[in-house]
Amino acid sequence: MPNSEPASLLELFNSIATQGELVRSLKAGNASKDEIDSAVKMLVSLKMSYKAAAGEDYKADCPPGNPAPTSNHGPDATEAEEDFVDPWTVQTSSAKGIDYDKLIVRFGSSKIDKELINRIERATGQRPHHFLRRGIFFSHRDMNQVLDAYENKKPFYLYTGRGPSSEAMHVGHLIPFIFTKWLQDVFNVPLVIQMTDDEKYLWKDLTLDQAYSYAVENAKDIIACGFDINKTFIFSDLDYMGMSSGFYKNVVKIQKHVTFNQVKGIFGFTDSDCIGKISFPAIQAAPSFSNSFPQIFRDRTDIQCLIPCAIDQDPYFRMTRDVAPRIGYPKPALLHSTFFPALQGAQTKMSASDPNSSIFLTDTAKQIKTKVNKHAFSGGRDTIEEHRQFGGNCDVDVSFMYLTFFLEDDDKLEQIRKDYTSGAMLTGELKKALIEVLQPLIAEHQARRKEVTDEIVKEFMTPRKLSFDFQ
């Protein structure tokens with residue numbers, strides 16, 4: 001029986017498959033960010049066209065005319081048509097940004113609800129961080145299990161990281177570290193911070209020496225966030241792998257229990273990717289297990305790990321959670337943050353490789369003012385008259401989005417939202433409010449960073465016992 005679907009729909013289906021393969025090959029071939037972004041935008045556009053024509057989402061295993069397979073919302077679920085999210089690329093067609101409720105369903109995580117936030121407040125005796133109150137950290141895996149342990153006086157530790165791809169970090173990179181510092185303070189727990197200089201050497205056009213030097217420079221910015229030197233260990237993969245047999249043994253255990261087929265499915269690796277990329281996920285997984293750090297935890301294997309990170313890193317830890325029980329370790333818990341949008345809009349996250357999309361921690365007050373005024377996408381109207389009459393749209397306005405991250409005063413933020421939405425506040429006034437928040441925040445960070453000496457960095461990065469006793 002001939003296929004009743006129009007040929008154009010099948011052609012569109014095949015075009016999506018071809019474009020998806022192009023995106024994967026560009027990533028594998030270390031293409032430029034612009035090339036990758038352009039290919040991803042085309043992929044998103046094709047998927048939207050397919051949905052409009054077919055009346056349903058594109059599914060790779062379901063050509064037009066075939067019944068859709070049972071929906072799978074687990075780790076291998078098909079990408080939602082509007083949003084493309086993996087550890088290297090974040091792209092959406094919506095001016096409002098990624099649909100995080102859909103992402104929770106697709107990734108199989110749990111929403112951070114009011115009940116969980118209240119429980120964190122009861123457990124710590126501290127008001128929840130505004131990142132929690134405002135839904136910036138919005139999703140979790142097993143956070144209730146961590147709180148069970150904490151309430152029963154059982155230890156846990158924090159693990160987060162940074163991929164040092166450039167000497168200068170941007171303000172978006174601060175988000176997990178600001179929140180992790182708060183977690184360390186309120187729970188009084190050890191913290192390990194992985195600098196994946198090996199990853200950046202494998203993925204970027206860098207020498208080993210460059211990747212390591214970026215790790216050290218980025219460590220200074222991380223230390224400037226205020227972490228306690230007696231409770232924090234920062235390590236470079238290039239350094240620590242050779243120092244710690246416990247760490248390397250866990251890497252090998254993970255490598256043995258994860259197949260090439262699995263990592264291809266999770267990360268989209270192709271046959272042209274170097275073997276270093278294929279084995280790297282095991283290195284990012286290893287800090288999730290306490291005996292990777294015998295100097296801190298001795299040989300204990302039962303201490304649970306809590307990982308605050310942006311949700312694009314979740315594929316690494318879905319793999320980690322899958323392998324953990326098979327090698328005798330507890331699954332790490334996770335707290336996921338939203339993405340920090342680029343100045344040009346929430347369709348993609350801020351990137352250090354695009355100076356006009358980013359506000360760097362090295363920027364001067366003048367540069368910050370210029371970037372916000374010139375590049376920050378506005379939710380305002382075309383004319384002052386229209387804006388006064390109809391008001392602005394905070395859902396797409398980047399300046400307002402940034403204020404939700406960095407303006408701690410809830411009442412002030414709500415007043416700005418009301419004034420901008422009603423038209424009482426103009427776009428220029430909203431941008432001015434953001435500039436007045438960002439300029440001192442970055443200046444204070446720069447002052448703290450100047451106080452971070454090479455000796456302080458060395459102490460943070462030296463494997464050692466922290467101020468906790470693990471028997």
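Placed from the backbone N, Cα and C atoms, the Cβ positions cover glycine too.
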From the list SER166, SER351, SER358, pick out the residue that Swiss-Prot labels phosphoserine.
-> SER351
Using Swiss-Prot as the reference, determine which range in 24-33, 164-173, 294-303 is annotated motif ''HIGH' region'.
-> 164-173
Among 119-123, 244-248, 264-268, 349-353, Swiss-Prot lists motif ''KMSKS' region' at 349-353
Who are the chain neighbours of the motif ''HIGH' region' (164-173) in space, where the CB to CB distance is under 8 Å and they lie at least 6 residues beyond its ends?
-> 195-197, 200, 204, 206, 211, 213-215, 217-218, 221, 339-340, 349-350, 352-353, 358-362, 402, 406, 438, 441-442
In sequence order, which residues at least six apart in the same chain have a CB under 8 Å from the CB of LYS154 (N6-succinyllysine)?
-> none
